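For reference, the structure discussed in these notes is given below.
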Amino acid sequence: MKRLISCLTIICALNASAAAETTSNPCSRWISFLKPVCQRIHQTWTEGHDDMYFSGYAWHNRYVYSNEKIKSYNETAWGGGLGKSLFDEKGNWHGLYAIAFLDSHRHLEPAVGYAYLKTASVNKDLKAGLGYSVLVTSRVDYDNVPIPGALPWAALFYKRITIAATYIPGSSREGHENGNVLYMLGKISL
């Protein structure tokens, strides 16, 4: 409950701060070399389409984990979230998201982040993209401390539906296995 209240307080503070900024120049207080980042995030937030995310699968690499470990892990990473996204003037995709899902140990794992995908059009309705996501998450097994990260991201876009995947690298030292998970999620643009 404390975590939920903390998250809501941070979101309200960020919204109040954003509302206080002048709408004509929302990134005026940013350091000059970071202004393009701020401007793209602001554009995504203000001009982007609303998205609904859903997740349901986390594949643990069979070359890293023993059969016993695989059986003990949750691979149905049910969850969902909301986001905003847009295709820019070059046709590349930008997204902001907040999701929560069940991790490998069936604990709730929240994540917020930004994703960028360089896309190629297969036809009018179908696009493929490769890129990255920068995010902040927290996990029970790390005492719920916010953990920043960057991950590769790939996606197929078909009209308003997207199927995406990321690979979470990890360690394969015996007795200290972690990560090495292919995480799949979907998105519907509303």
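Glycine too: its Cβ is placed from the backbone N, Cα and C atoms.
Residues or ranges marked as signal peptide by Swiss-Prot: 1-18. The active site feature in Swiss-Prot is assigned to His60, Asp103, Ser104. Sequence annotations record features per position, and here Swiss-Prot assigns site 'Role in lipopolysaccharide recognition' to Lys69 based on sequence analysis.
Sequence features, as recorded in Swiss-Prot, placed on the structure.
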residue: His60; record: active site; Cβ neighbours (10 Å): 20
residue: Lys69; record: site 'Role in lipopolysaccharide recognition'; Cβ neighbours (10 Å): 12
residue: Asp103; record: active site; Cβ neighbours (10 Å): 20
residue: Ser104; record: active site; Cβ neighbours (10 Å): 21
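According to its DSSP assignment, His60 (active site) is in a strand. Rounded to a whole number, the distance between the Cα atoms of Lys69 (site 'Role in lipopolysaccharide recognition') and His60 (active site) is 9 Å. If you measure from the Cα atom of Asp103 (active site) to that of Lys69 (site 'Role in lipopolysaccharide recognition'), you get 14 Å.
For the pair Ser104 (active site) and Lys69 (site 'Role in lipopolysaccharide recognition'), the Cα-Cα distance reads 10 Å.
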